[in-house]
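Trainee: Encoded as structure tokens, here's the structure I'll be asking about.
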């Protein structure tokens, strides 16, 4: 496999690393690696091969109908041990940090020390198409303990109906800065935000399709119901209510979640989420890019449709291009702040294996209300 080239000066983030193949296995990661034409052609060929045989329509419908059960089973098996806390969020998305200094030019720092990189050694695996290498730094932070509050989707709907009758009194209604994470899983984004951002005006909502995942969040000792509201929510169901009104959120977070949704339903979901944003509010996304390692490792018979696959455990994943995501967000009336592709070389030094990850990171903003 071709050695990584140096990254040109055209991007303000990231680092330039080694070009000597003999020194490849002395280090653990290279940011923003450029691919050769040969390498991209090889990746394209693998995708054409593993997508040449599509699953029958009845099987595809089965995975859609039973999607909730598959994700419940996933979290029952892995609980909170599969993903690591995403403390890198505050480097990539300063909008989530206490001072909330957003990057208006759309650039990111993309800096990880060698110590942080070495903490990822041993994570170089993809199991059933799930890749845990999205994690970077794992920092020890102070925790906030509280009593969990259980809230099923049905109870959330009931509460929402009741709260609508009480003149804007909803969870987090008195907050000055509101964040929603969609697809919160076991809380690997929510808890770092609550731990790091002690802004008294902050309130964090988090939801997931999986009841099991939401139970894990609500029963975590760090769950603080005075600062956080976790609830079960089906994004694909337009009748499934949110506990907050439209135009009430400053930030919506989508971390490796949009890719799990049937492609035909993505636009409707993005439209719906954009309505929750205040004017000037932002959607922050990080998700799988086209030709990521996870996509190349799928076998024949796991492809549902173009660039959309089912893993061995029944969960599904799509691999995006920048243009596809740009179309989804701009069609929903949002304006682009950032749309970056992050190609990264990760090395398992124990097995002397090189692994190429491809992720896309986006920030899209709801236009501010016109001045009267």
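Glycine residues also receive a Cβ, built from the backbone N, Cα and C atoms like all the rest.
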Trainee: From 99-124, 125-150, which range did TrEMBL mark with region 'Disordered'?
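Mentor: In TrEMBL, the region 'Disordered' feature sits at 99-124.
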Trainee: Region 'Disordered' per TrEMBL: which of the ranges 36-59, 60-83 is that?
Mentor: 36-59
